[in-house]
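**Q** Structure provided below as structure tokens; questions to follow.
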Ligand SMILES: Nc1ncnc2c1ncn2[C@@H]1O[C@H](COP(=O)(O)OP(=O)(O)O)[C@@H](O)[C@H]1O
Ligand SMILES: N[C@@H](CCC(=O)OP(=O)(O)O)C(=O)O
């Protein structure tokens, strides 16, 4: 059996979608793509899979709703835009999933939920009950409070790592990160046209980490750096991770059917359920 064949039997799937996939180049919300995404995810649910969606986009949707001329740079301005955008984003997901008779539940988290056992258990219990009730949890960082300070640099939001944390907490079988790029390349393809796609990564080594650059767009946040740390976080805990292009969300179905698309980061251990 090839590496890709095992994806077919994945039952619990976390899908992360980034701002660049949810918006047009002009920053407006890409309703057609979100509609397709919800259709594919609804169909996966109907086929018996368990689906959790981790979505970015709150800041950008808020920027457009508030009719701001530019995406804000100040943290407080981004937080305010996210507060406006998050409710709009949920409205859109609820409307589209509702058309396919699926119910959504909003879960706003911070990455430190894993640090306290009591909090962690509450989060897991909420997810398990939503999944049991066939509700699709829609997760985003709680942008009002989620500010990371790494090496004295204040960073706002990192849904790549949040999606890995959620995948580990709920013991997902597969994490799919949908972005605006075909997968992980040996250098940033938006800067180097000779970059080569890496189809399978058996282990994330320091050499591979050197290939990861920042975001290529003004709306994206973490670029490949956060996607790689997320992939590491999930694969060491026994979860396969695929990074793929979300421009056509039907790719999700093809990936699960074993098609060689995107980059597959192989799980580093057998998962004990
Ligand atoms: N080695 C690499 N392989 C692929 N993309 C890379 C690499 N290094 C940097 N990137 C950049 O990362 C971007 C995707 O990250 P990001 O803009 O944060 O998207 P998202 O909104 O989906 O999280 C790509 O468009 C590309 O410009
Ligand atoms: N929580 C923020 C997104 C942070 C984030 O990780 O963005 P992205 O790099 O587009 O996945 C928002 O909803 O706008």
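Please read every residue number as a count from 1 along the shown chain.
Glycine residues also receive a Cβ, built from the backbone N, Cα and C atoms like all the rest.
Dumping what TrEMBL says about this protein:
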- 11-245: domain 'Aspartate/glutamate/uridylate kinase' (DOMAIN)
- 16, 179, 180, 221, 222, 223, 224, 225, 226, 227: ATP binding site (BINDING)
- 56, 143, 159: substrate binding site (BINDING)
**Q** Look at each of the binding-site residues, 159, 226, and point out the one with the fewest other Cβ atoms around it within 10 Å.
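**A** 226, out of the binding-site residues 159, 226, has the fewest neighbouring Cβ atoms within 10 Å.
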**Q** Consider the binding-site residues 56, 143, 159 and say which one has the Cα lying nearest the Cα of residue 226 (ATP binding site).
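**A** Smallest Cα separation from residue 226 (ATP binding site) among 56, 143, 159: 159.
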**Q** Would you find the one among the binding-site residues 143, 180 whose Cβ has the most company, meaning other Cβ atoms within 10 Å?
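**A** Max Cβ neighbours within 10 Å, all protein chains included: 143.
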**Q** Within 10 angstroms of the C-beta of residue 16 (ATP binding site), what count of other C-beta atoms is obtained when all protein chains are considered?
**A** 29
**Q** 10 Å Cβ neighbour count around residue 224 (ATP binding site)?
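**A** Excluding its own Cβ, the number within 10 Å is 24.
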**Q** Closest of the binding-site residues to residue 56 (substrate binding site), Cα to Cα, picking from 16, 180, 222, 224?
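**A** Minimum Cα distance from residue 56 (substrate binding site) across 16, 180, 222, 224 lands on 16.
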**Q** Can you tell me how far the Cα of residue 224 (ATP binding site) sits from the Cα of residue 159 (substrate binding site), in Å?
**A** 12
**Q** I'd like the Cβ neighbour count for residue 222 (ATP binding site), meaning other Cβ atoms within 10 Å of its Cβ, all protein chains included.
**A** 22
